[in-house]
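So that you can see what the record holds, here are the features copied from TrEMBL:
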COMPBIAS  1-10  compositional bias 'Gly residues'
REGION    1-69  region 'Disordered'
COMPBIAS  29-42  compositional bias 'Acidic residues'
COMPBIAS  59-68  compositional bias 'Acidic residues'
DOMAIN    114-309  domain 'K+ potassium transporter integral membrane'
TRANSMEM  123-146  transmembrane segment
TRANSMEM  166-183  transmembrane segment
TRANSMEM  190-211  transmembrane segment
TRANSMEM  269-289  transmembrane segment
TRANSMEM  301-327  transmembrane segment
TRANSMEM  334-355  transmembrane segment
TRANSMEM  361-379  transmembrane segment
DOMAIN    413-654  domain 'K+ potassium transporter C-terminal'
COMPBIAS  514-523  compositional bias 'Basic and acidic residues'
REGION    514-534  region 'Disordered'
Amino acid sequence: MDAGSGGGRGALRKTQSAEMRWVASGGAFEEDEIESSDDDGGGGDNNPTAALDSRGGGSDDDDYEEEEMLRQRLVRTGPRADSLDVEALDVPGVYRHQVPSVELERSLKIKEHLETSSMLKKLLLMLVLFGTSMVIADGVVTPAMSVMSAVNGMKVGISSVNEGEVVMITVAFLIVLFSLQRFGTSKVGLAVGPALFIWFCCLAGIGVYNIRTYGSEVLHAFNPVYIYYYFERNPTQAWMSLGGCLLCATGSEAMFADLCYFSVKSLQLTFVFLVLPCLLLGYLGQAAFLMENLTENQQVFFLSIPSIAELGVMMMTTVLVTIIMLLIWQVNIVVVLCFLTLFLGLELVFFSSVLGSVADGSWVLLVFAAVLYLVMYIWNYGTKLKYETEVKEKLSMDLLMQLGCNLGTVRAPGIGLLYNELVRGVPAIFGHFLTTLPAIHSMIIFVCIKYVPVPVVPQSERFLFRRVCPKNYHMFRCIARYGYKDVRKENPQAFEQLLIESLEKFIRREAQERSLESDHNEDTDSEEEIVSGSSSRVLVGPNGIIYSVGVPLLAESGSINNSALGSSMSFGSLDEATDGRRSLDNELSFVHKAKESGVVYLLGHGDIRARKESFFVKKLVINYFYAFLRKNCRRGIATLSIPHTRLMQVSMQYMV
């Protein structure tokens, strides 16, 4: 039966549990009122009782699935409304099932506490943004200082080189290095990798030479008792020198940015057996040289780098890793407390030692980090308001049902791919398309692009589909999933072909599940009572034979025409199978014809403006700062590689 008919509407309540699956059974489709129960807090028929009834009584399996979904859910610092389904992140290898434990229970409680507390969510967001701004600020200064320290070595061999020339050569090197990165970090790494290997080997060799030349007494530095002696002799100077000690590790952590191209194991082995030994030998050699040449210690590298950005990044990393240990890794609480106390305590000591350098130059980094923090916070604030507004103003399913399968306009042959950020419901921009355009395509697919925490998503797992409306509306929801190593510079033709093939698989799988569910319902009904009499009851067995309870099984068959009833039931099942196959063929044929008519990309640009009654600060942030960022950010069309002849754009403004 068609899902849009009267009977289909009545059957929706029975099949709402299928809304949590991407291959929906029984023709279930997205219903705005049901899905927005979490967004709007209920209303009308969207009460908790109706939700429980729609799940068929809430069995143990349903409870287990809900608990599993709760465990896998990430902490949301954004709006709770219209949250992403677990299926959108359910890529093989992302999650692993775990047995119940004390750590798992604690993780669930912490997650729930973080998600229900607005203050903790804002604090977590502020920590992440602060750490990110410090990383960017450090990434701006560190390369410049590293190149300058390397170029400064020319002054040792060429006495005619002065400080101004060193700065100019450094600027030229930086321009060349950053201009080469446009070709991709993988190509730059392929060219620079051999040079770095030679550099590390030379660094180790020079260190060994200095140790042999100036004495091996420097190896005594591995004895921690000398740290105590150093602080005992001159505690103030020792405390101030902690910032310089931090520079020994500065830069070595950058190799872990190559996780996009190499495995974790390869990076760990490279760091342990190449980077760390070479750095230790190099620093030990320098220390041995300085012990014999106490006046040769004036280097730009040691005098000009502010250490404070590195420590800010380290402290934020420690806090965030602690949260990950509790929520994701589910480490024992004693180990977590030991980790936090040890690392954060050391970092706070180092941080206190570099606070005196703020006036000497570190204030530049702090100001730059503060500007970056404001930019990211404004962007997050505006994007969150825009998303929440789109969720609230999405089109209701009742409106679409009233418009009918033609959506109140002309359905022209073809496929329209409407890109939006919603994973549920119909975006309001679609209504703008309906009122602006003279016609709409015969098939509409709402495409939502999401990134998942895996390197690469297999092509077979790229797209997830489900219906948005009854079958005769020919409207689907598609979530396109990409990993952090996937490149979205796809050929439009290849993208469309893969999308259509995935849609056809979804339609076939949906029809198969509908057929299996129908067979299951028939088998279930055959075991139940179908006729009630005054003296006997008649039951239908699994084999289609009718039995009369209360009379002998060998009773004369004249009382009930078993064969006629059994044959009629068999013909009924055959007719249903034939109708299902015919419906599947018709829908697949419709998809092919729409594909042959062409695919058009529908892009909606939603802008937000503050209401007139809003506060002055909100108007300033939304109408000017956020609008400036939106205007100057790269549009999604730049990453989609869509031909302009197949592109259609509509703008819409939301008042927040």
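The first residue you see is number 1, and the count goes up from there.
Here the Cβ of each residue, glycine as well, is placed from N, Cα and C on the backbone.
Highest Cβ pair count under 8 Å relative to the transmembrane segment (361-379), across stretches 123-146, 166-183, 269-289: 123-146. Taking every recorded stretch in 123-146, 166-183, 269-289, 334-355 and counting its Cβ pairs under 8 Å to the transmembrane segment (190-211), the highest total belongs to 269-289. Each residue in the domain 'K+ potassium transporter C-terminal' (413-654) has a pLDDT score, and their mean in this model is 77. Within its own chain, the transmembrane segment (334-355) has Cβ neighbours under 8 Å at 239-243, 245-246, 306-308, 311-312, 314-315, 318-319, 321-322, 325-326, 362, counting only residues six or more beyond its boundaries.
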